[in-house]
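Enquirer: Quick one: the structure is below, and I'll ask about it shortly.
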Amino acid sequence: MVMTDLLKPEEIKKALDAFSAETFDPRKFFEMVGMKAMTAENVKKVFQVLDVDGSGFIEEEELKFVLKGFSKDGRDLTDDETKAFITAADKDGDGKIGIDEFEALVHE
């Protein structure tokens, strides 16, 4: 499965363009690509696309490249953006984002 099976390519491009030079805000990005309106089941499918190693978690290394999971044209997150993303989503403090934490962040 690829991201465009779940989300509209034009919404992905618009959101990526919005954050090309601006500090990445995961909540705002997820809203812009239409994820906030998705069912929990479909948000979990997005998570599975982003969980590149299939571990059931999005770790810091995967998170740096999260925008590339939406489009090959996505930029890398900065270290500060990556840490802020983990802080926003990692509710149990294990340093990685689980599927339920991801879904909760999207639907906040």
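Here the Cβ of each residue, glycine as well, is placed from N, Cα and C on the backbone.
Among the features that TrEMBL reports, Ca(2+) binding site is placed at Asp51, Asp53, Ser55, Phe57, Glu62, Asp90, Asp92, Asp94, Lys96, Glu101. Residues annotated as domain 'EF-hand' in TrEMBL: 38-73, 77-108.
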Enquirer: I want to check the contact list for Asp51 (Ca(2+) binding site): same chain, sequence separation of six or more, C-beta distance under 8 angstroms. What comes out?
Expert: Phe57, Ile58, Glu62, Ile99
Enquirer: Using a 10 Å radius around its CB, how many other CB atoms surround Asp92 (Ca(2+) binding site)?
Expert: 10
Enquirer: Look at each of the binding-site residues, Ser55, Glu62, Lys96, and point out the one with the fewest other Cβ atoms around it within 10 Å.
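Expert: Looking at the binding-site residues Ser55, Glu62, Lys96, the Cβ with the fewest others within 10 Å is that of Ser55.
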Enquirer: Work out, from DSSP, the number of helix, strand and coil residues along the domain 'EF-hand' (38-73).
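Expert: Counts, helix then strand then coil: 21 helix, 2 strand, 13 coil.
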Enquirer: Helix, strand, coil residue numbers for the domain 'EF-hand' (77-108) per DSSP?
Expert: 19 helix, 2 strand, 11 coil
